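What follows is one structure encoded as C-alpha coordinates, with my remarks underneath.
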Amino acid sequence: MPSGSRALTGSRALSGGRGATVGRHAVLLLAAFVMLFPLLWALSASFKPGTDIYNANPLPFPGTLDNYRYALREFPLWRLLVNTFVTAIGVTLLHLVAGVLAAWSFVRFAHRGQRLVLGLVTVALVVPPQSLIIPHFLMITRLDLRDSFVGLIVPQLATCALAVLLLREHIRAIPPTLIAAATLDGATHGETLRQIVLPLLRPALGAVGIVVFITTWNEYLWPSLAAPSPEHTTIQMGLQLFETTEGPEHGPMLAAAMLATLPVAAAYVLASRRIADAFLQAGLR
(Lines of atoms letter the chains of each structure in order from A and count residues from 1; the text may use other names and numbers.)
(Lines give C-alpha, C1' and ligand atoms only; values in the text may rest on other atoms or scores of the structure.)
Protein backbone atom coordinates (compact mmCIF):
# COMPACT_ATOMS: atom_id res chain seq x y z
CA MET A 1 0.00 0.00 0.00
CA PRO A 2 1.40 3.45 -0.90
CA SER A 3 2.45 5.64 1.96
CA GLY A 4 -0.18 8.25 1.03
CA SER A 5 -2.97 5.68 1.30
CA ARG A 6 -1.65 4.46 4.63
CA ALA A 7 -1.57 8.03 5.95
CA LEU A 8 -5.12 8.64 4.74
CA THR A 9 -6.35 5.42 6.35
CA GLY A 10 -4.62 6.30 9.61
CA SER A 11 -6.12 9.80 9.57
CA ARG A 12 -9.62 8.39 9.01
CA ALA A 13 -9.15 5.89 11.83
CA LEU A 14 -7.95 8.65 14.15
CA SER A 15 -10.92 10.85 13.24
CA GLY A 16 -13.28 7.93 13.75
CA GLY A 17 -11.77 7.23 17.15
CA ARG A 18 -12.14 10.86 18.19
CA GLY A 19 -15.72 10.91 16.97
CA ALA A 20 -16.55 7.79 18.98
CA THR A 21 -14.93 9.31 22.08
CA VAL A 22 -16.91 12.54 21.68
CA GLY A 23 -20.09 10.53 21.20
CA ARG A 24 -19.48 8.48 24.35
CA HIS A 25 -18.77 11.61 26.36
CA ALA A 26 -21.94 13.24 25.06
CA VAL A 27 -24.03 10.22 26.05
CA LEU A 28 -22.43 10.14 29.52
CA LEU A 29 -23.03 13.87 30.02
CA LEU A 30 -26.65 13.47 28.99
CA ALA A 31 -27.10 10.53 31.37
CA ALA A 32 -25.45 12.51 34.19
CA PHE A 33 -27.76 15.46 33.55
CA VAL A 34 -30.86 13.24 33.58
CA MET A 35 -29.80 11.70 36.91
CA LEU A 36 -28.79 14.99 38.52
CA PHE A 37 -31.70 17.08 37.27
CA PRO A 38 -34.13 16.15 40.11
CA LEU A 39 -31.49 16.98 42.72
CA LEU A 40 -30.59 20.27 41.04
CA TRP A 41 -34.26 21.20 40.75
CA ALA A 42 -34.87 20.41 44.42
CA LEU A 43 -31.81 22.44 45.43
CA SER A 44 -32.98 25.42 43.39
CA ALA A 45 -36.57 25.17 44.63
CA SER A 46 -35.45 25.03 48.25
CA PHE A 47 -34.29 28.66 47.94
CA LYS A 48 -37.54 29.90 46.38
CA PRO A 49 -40.64 31.27 48.10
CA GLY A 50 -43.63 28.94 48.03
CA THR A 51 -45.31 30.89 45.23
CA ASP A 52 -42.27 30.62 42.93
CA ILE A 53 -41.33 26.95 43.31
CA TYR A 54 -43.15 25.82 40.16
CA ASN A 55 -42.43 28.80 37.93
CA ALA A 56 -40.44 28.44 34.73
CA ASN A 57 -37.32 30.11 36.09
CA PRO A 58 -34.83 27.33 36.98
CA LEU A 59 -32.65 29.67 39.06
CA PRO A 60 -33.61 30.78 42.58
CA PHE A 61 -33.69 34.55 41.89
CA PRO A 62 -34.67 36.27 44.02
CA GLY A 63 -33.65 33.65 46.54
CA THR A 64 -34.60 33.28 50.18
CA LEU A 65 -33.38 31.35 53.21
CA ASP A 66 -36.80 31.31 54.86
CA ASN A 67 -37.35 27.66 53.95
CA TYR A 68 -34.11 26.66 55.67
CA ARG A 69 -34.85 28.80 58.73
CA TYR A 70 -38.30 27.25 59.04
CA ALA A 71 -36.98 23.71 58.53
CA LEU A 72 -34.26 24.16 61.16
CA ARG A 73 -36.79 25.61 63.59
CA GLU A 74 -39.61 23.08 63.10
CA PHE A 75 -37.69 20.00 61.97
CA PRO A 76 -35.71 18.10 64.68
CA LEU A 77 -32.76 17.82 62.32
CA TRP A 78 -29.94 17.30 64.80
CA ARG A 79 -31.66 14.51 66.72
CA LEU A 80 -32.58 12.74 63.49
CA LEU A 81 -29.04 13.12 62.17
CA VAL A 82 -27.58 11.66 65.37
CA ASN A 83 -29.99 8.70 65.28
CA THR A 84 -29.25 8.02 61.62
CA PHE A 85 -25.51 8.44 62.12
CA VAL A 86 -25.48 5.96 65.02
CA THR A 87 -27.49 3.46 62.98
CA ALA A 88 -25.39 3.84 59.83
CA ILE A 89 -22.09 3.61 61.71
CA GLY A 90 -23.28 0.54 63.62
CA VAL A 91 -24.41 -1.28 60.48
CA THR A 92 -21.21 -0.31 58.65
CA LEU A 93 -18.96 -1.61 61.42
CA LEU A 94 -20.90 -4.88 61.61
CA HIS A 95 -20.62 -5.36 57.85
CA LEU A 96 -16.89 -4.66 57.85
CA VAL A 97 -16.10 -6.96 60.78
CA ALA A 98 -18.25 -9.80 59.47
CA GLY A 99 -17.03 -9.25 55.92
CA VAL A 100 -13.34 -9.36 56.85
CA LEU A 101 -13.67 -12.46 59.03
CA ALA A 102 -15.81 -14.34 56.51
CA ALA A 103 -13.61 -13.36 53.56
CA TRP A 104 -10.45 -14.33 55.47
CA SER A 105 -11.91 -17.73 56.32
CA PHE A 106 -12.93 -18.36 52.70
CA VAL A 107 -9.42 -17.59 51.46
CA ARG A 108 -7.30 -18.97 54.28
CA PHE A 109 -9.15 -22.07 55.50
CA ALA A 110 -10.24 -24.87 53.19
CA HIS A 111 -13.10 -26.93 54.58
CA ARG A 112 -15.79 -29.28 53.37
CA GLY A 113 -18.78 -27.49 51.94
CA GLN A 114 -16.87 -24.28 51.30
CA ARG A 115 -18.13 -23.99 47.72
CA LEU A 116 -21.69 -24.51 48.89
CA VAL A 117 -21.39 -21.80 51.54
CA LEU A 118 -19.79 -19.42 49.05
CA GLY A 119 -22.60 -20.14 46.61
CA LEU A 120 -25.18 -19.35 49.29
CA VAL A 121 -23.42 -16.05 50.02
CA THR A 122 -23.52 -15.23 46.31
CA VAL A 123 -27.23 -16.07 46.14
CA ALA A 124 -27.83 -13.86 49.19
CA LEU A 125 -26.42 -10.96 47.18
CA VAL A 126 -29.42 -11.04 44.83
CA VAL A 127 -32.09 -11.61 47.49
CA PRO A 128 -34.15 -8.41 47.93
CA PRO A 129 -33.65 -7.09 51.48
CA GLN A 130 -37.39 -6.39 51.63
CA SER A 131 -38.08 -10.14 51.59
CA LEU A 132 -36.31 -10.44 54.97
CA ILE A 133 -38.27 -7.74 56.75
CA ILE A 134 -41.04 -9.95 58.16
CA PRO A 135 -38.66 -12.59 59.64
CA HIS A 136 -36.48 -9.84 61.09
CA PHE A 137 -39.49 -8.03 62.54
CA LEU A 138 -40.77 -11.19 64.21
CA MET A 139 -37.30 -11.91 65.57
CA ILE A 140 -36.73 -8.53 67.21
CA THR A 141 -40.30 -8.51 68.55
CA ARG A 142 -39.88 -11.89 70.26
CA LEU A 143 -36.50 -10.85 71.64
CA ASP A 144 -37.98 -7.57 72.92
CA LEU A 145 -35.53 -5.57 70.81
CA ARG A 146 -38.08 -3.52 68.89
CA ASP A 147 -37.70 0.22 69.15
CA SER A 148 -34.01 0.05 70.08
CA PHE A 149 -30.75 0.66 68.27
CA VAL A 150 -29.80 -3.01 68.71
CA GLY A 151 -32.97 -4.17 66.98
CA LEU A 152 -32.50 -1.54 64.32
CA ILE A 153 -28.86 -2.36 63.56
CA VAL A 154 -28.18 -6.08 64.10
CA PRO A 155 -30.72 -7.59 61.64
CA GLN A 156 -29.16 -5.60 58.80
CA LEU A 157 -26.11 -7.84 59.10
CA ALA A 158 -28.04 -10.29 56.90
CA THR A 159 -27.24 -8.10 53.89
CA CYS A 160 -23.44 -8.23 54.22
CA ALA A 161 -22.93 -10.53 51.19
CA LEU A 162 -21.44 -7.68 49.13
CA ALA A 163 -18.83 -6.98 51.80
CA VAL A 164 -17.88 -10.66 52.03
CA LEU A 165 -17.48 -11.17 48.27
CA LEU A 166 -15.66 -7.91 47.59
CA LEU A 167 -13.21 -8.32 50.47
CA ARG A 168 -12.64 -11.96 49.52
CA GLU A 169 -11.45 -10.91 46.06
CA HIS A 170 -9.07 -8.35 47.55
CA ILE A 171 -7.65 -10.85 50.06
CA ARG A 172 -7.11 -13.37 47.26
CA ALA A 173 -5.00 -10.77 45.45
CA ILE A 174 -2.55 -10.44 48.35
CA PRO A 175 0.73 -12.21 47.41
CA PRO A 176 0.84 -15.58 49.20
CA THR A 177 4.52 -14.99 49.96
CA LEU A 178 3.59 -12.23 52.43
CA ILE A 179 1.32 -14.54 54.38
CA ALA A 180 3.83 -17.40 54.16
CA ALA A 181 6.59 -15.16 55.51
CA ALA A 182 4.42 -14.14 58.45
CA THR A 183 3.64 -17.78 59.17
CA LEU A 184 7.34 -18.67 59.13
CA ASP A 185 7.99 -15.85 61.59
CA GLY A 186 5.55 -17.49 63.99
CA ALA A 187 2.61 -15.14 63.47
CA THR A 188 -0.80 -16.54 64.32
CA HIS A 189 -3.77 -16.23 61.97
CA GLY A 190 -5.06 -13.29 63.98
CA GLU A 191 -1.70 -11.51 63.90
CA THR A 192 -1.38 -12.10 60.16
CA LEU A 193 -4.85 -10.70 59.59
CA ARG A 194 -4.24 -7.67 61.80
CA GLN A 195 -0.67 -6.80 60.77
CA ILE A 196 -0.58 -7.72 57.08
CA VAL A 197 -4.03 -8.21 55.60
CA LEU A 198 -5.95 -5.32 57.14
CA PRO A 199 -3.45 -2.60 56.12
CA LEU A 200 -3.62 -3.87 52.53
CA LEU A 201 -7.43 -3.89 52.65
CA ARG A 202 -7.83 -0.24 53.59
CA PRO A 203 -9.02 0.93 50.13
CA ALA A 204 -11.53 -1.91 49.89
CA LEU A 205 -12.69 -1.39 53.47
CA GLY A 206 -13.22 2.29 52.76
CA ALA A 207 -15.23 1.55 49.61
CA VAL A 208 -17.41 -1.06 51.29
CA GLY A 209 -17.89 1.17 54.32
CA ILE A 210 -19.07 4.14 52.26
CA VAL A 211 -21.49 2.01 50.21
CA VAL A 212 -23.00 0.43 53.34
CA PHE A 213 -23.14 3.79 55.13
CA ILE A 214 -25.00 5.50 52.27
CA THR A 215 -27.37 2.56 51.83
CA THR A 216 -28.21 2.53 55.54
CA TRP A 217 -28.59 6.30 55.64
CA ASN A 218 -31.21 6.17 52.87
CA GLU A 219 -33.12 3.21 54.35
CA TYR A 220 -36.74 3.94 55.20
CA LEU A 221 -38.81 0.75 55.33
CA TRP A 222 -36.89 -1.18 57.99
CA PRO A 223 -36.46 1.75 60.45
CA SER A 224 -40.16 2.57 60.14
CA LEU A 225 -40.99 -0.93 61.43
CA ALA A 226 -38.11 -1.61 63.80
CA ALA A 227 -37.86 1.75 65.59
CA PRO A 228 -40.90 3.98 65.10
CA SER A 229 -40.58 6.00 68.33
CA PRO A 230 -39.22 9.58 68.28
CA GLU A 231 -36.18 8.49 70.33
CA HIS A 232 -34.94 6.29 67.47
CA THR A 233 -36.50 7.93 64.41
CA THR A 234 -34.08 8.17 61.47
CA ILE A 235 -33.78 10.98 58.96
CA GLN A 236 -35.85 9.32 56.23
CA MET A 237 -38.76 8.69 58.59
CA GLY A 238 -38.43 12.25 59.86
CA LEU A 239 -38.67 13.64 56.33
CA GLN A 240 -41.84 11.67 55.69
CA LEU A 241 -43.42 12.90 58.93
CA PHE A 242 -42.32 16.47 58.16
CA GLU A 243 -43.93 16.25 54.72
CA THR A 244 -47.17 14.99 56.27
CA THR A 245 -47.15 17.86 58.75
CA GLU A 246 -46.38 20.60 56.24
CA GLY A 247 -48.88 19.46 53.62
CA PRO A 248 -48.71 21.58 50.44
CA GLU A 249 -45.81 23.73 51.70
CA HIS A 250 -43.04 22.14 49.65
CA GLY A 251 -40.35 24.75 50.25
CA PRO A 252 -39.48 23.76 53.85
CA MET A 253 -39.71 20.09 52.89
CA LEU A 254 -37.18 20.53 50.09
CA ALA A 255 -34.90 22.50 52.41
CA ALA A 256 -35.04 19.71 55.01
CA ALA A 257 -34.31 17.14 52.30
CA MET A 258 -31.26 19.11 51.16
CA LEU A 259 -29.96 19.32 54.73
CA ALA A 260 -30.46 15.57 55.14
CA THR A 261 -28.56 14.92 51.91
CA LEU A 262 -25.44 16.89 52.84
CA PRO A 263 -23.67 14.20 54.97
CA VAL A 264 -24.01 11.39 52.42
CA ALA A 265 -23.22 13.70 49.51
CA ALA A 266 -20.02 14.81 51.23
CA ALA A 267 -19.09 11.20 52.05
CA TYR A 268 -19.59 10.12 48.46
CA VAL A 269 -17.66 13.03 46.97
CA LEU A 270 -14.71 12.35 49.28
CA ALA A 271 -14.67 8.60 48.57
CA SER A 272 -16.00 8.27 45.00
CA ARG A 273 -12.57 7.53 43.53
CA ARG A 274 -11.85 4.90 46.18
CA ILE A 275 -15.22 3.23 45.56
CA ALA A 276 -14.67 3.04 41.81
CA ASP A 277 -11.12 1.72 42.18
CA ALA A 278 -12.12 -0.94 44.70
CA PHE A 279 -14.93 -2.34 42.56
CA LEU A 280 -12.81 -2.17 39.42
CA GLN A 281 -9.95 -4.07 41.04
CA ALA A 282 -12.35 -6.68 42.39
CA GLY A 283 -13.81 -7.14 38.92
CA LEU A 284 -10.39 -7.65 37.36
CA ARG A 285 -9.36 -10.40 39.79
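Glycine too: its Cβ is placed from the backbone N, Cα and C atoms.
Bear in mind that TrEMBL entries carry predicted annotations, made automatically and left uncurated.
Quantities reported herein were computed from a predicted structural model and do not represent experimental measurements.
Look at TrEMBL and you will find 21-43, 80-104, 116-137, 149-167, 200-217, 253-271 tagged as transmembrane segment. As annotated by TrEMBL, domain 'ABC transmembrane type-1' applies to 81-271.
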Positions on the same chain near the transmembrane segment (80-104), where near means CB under 8 A and six or more residues out: 121, 149, 152-154, 156-157, 159-160, 163-168, 170-171, 189, 193, 197-198, 201, 205, 208-209, 212-213, 216-217, 223, 231-236, 238, 260, 263
Residues of the parent chain within Cβ reach of the transmembrane segment (253-271), under 8 Å, 6 or more residues beyond its termini: 39, 42-43, 45-46, 53, 67-68, 70-72, 75, 77, 80-81, 85, 206-207, 210, 213-214, 217-218, 235-236, 238-239, 242-243, 246
